[in-house]
Amino acid sequence: MSSAQRVVITPGEPAGSGPDLVVQLAQRAWPIELVVCADGALLTERAAMLGLPLSLLPYSPDVPAAPQPAGTLTLLPVSLRAPAISGQLTVENGPYVVETLARACDGCLNGEFAALITGPVHKGVINDAGISFTGHTEFFEERSQAKKVVMMLATEELRVALATTHLPLRAIADAITPALLHEVIAILHHDLRTKFGIAEPRILVCGLNPHAGEGGHMGTEEIDTIIPVLDELRAQGMKLNGPLPADTLFQPKYLDNADAVLAMYHDQGLPVLKYQGFGRGVNITLGLPFIRTSVDHGTALELAGRGKADVGSFITALNLAIKMIVNTQ
């Protein structure tokens, strides 16, 4: 990188393993500045519980970004609303979690930070606090006023984007419209080019129904919706292969000639990716006006404060964000 950049990290649920993982991230030097939006006392306490060194440096947006020395983090303080006890959810801290996300998002929007890396949150406790919260993806979409965002998970070997995200199965067929597919594929194609540096992205597209509809005998969404959209976009120069049956698409015959897979719904594409690379995956939100990556796992409340949480996915998410920053320069 030509000069140091500054990224912002949110540890997520304070009672979970997120704060532990952030402390573990700090045990190595980084070529960028790591600004953590969190309660400083919480991070200091977790470092002590893990027996790891940690010095918190004050965040100053007026000071040029510098590489992060090992054993340190730059702190952008947000105060807990109640004490955080490892492994025990506290509804009073639901607003704290949302406040960290809002401050980090706003910092990306105003140019303070080059990317945002998020730790795992507990959706239930946030909603129990009276805050409507579906997930990070939807939260950042609304706060950034993005027209549309796309959820994509990635490992070193595989990228899977979703046409729909957190919808019940009975609602998915109605949600797969020509307008939706045009938007999702356009965003996926654009961000693969601009954020991943792929000049001509090759995208595999899953069918919605078993056997991709079997010529209309197992559903007509492929014939009525998916195929016409793909034909239109191919005519514009996009390299799209599909719709293909999801039960046979995930094999080298297809994947060796593709840069990403577009699945029609959450549990069509993600089980394969998580089986192939759980703990090494990264969640990326495409379509935002900034770079956002995240771990691919949950809060792991039972591991909080015990030093047993695996930092691998967080390291991968941070490294991918750094690569994406380079690609967009």
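Counting starts with 1 at the first residue shown.
Note: Cβ is positioned from N, Cα and C throughout, glycine not excepted.
With His136, Thr137, Lys274, Arg292 listed by Swiss-Prot as binding substrate, the candidate from Asn127, Asn283 annotated for that site turns out to be Asn283. The divalent metal cation site recorded in Swiss-Prot includes His166, His211, and the single candidate from His122, His266 that the record places there is His266.
The CA atom of Asn283 (substrate binding site) is located 13 Å away from the CA atom of His266 (divalent metal cation binding site). Asn283 (substrate binding site) falls within a strand when secondary structure is assigned with DSSP. Counted within 10 Å of its Cβ, the other Cβ atoms near His211 (divalent metal cation binding site) come to 16, all protein chains included. For Thr137 (substrate binding site), the count of additional Cβ atoms within 10 Å of its Cβ stands at 23 [all protein chains shown]. Among the listed binding-site residues, namely His166, His266, the Cβ with the most fellow Cβ atoms inside 10 Å is that of His266.
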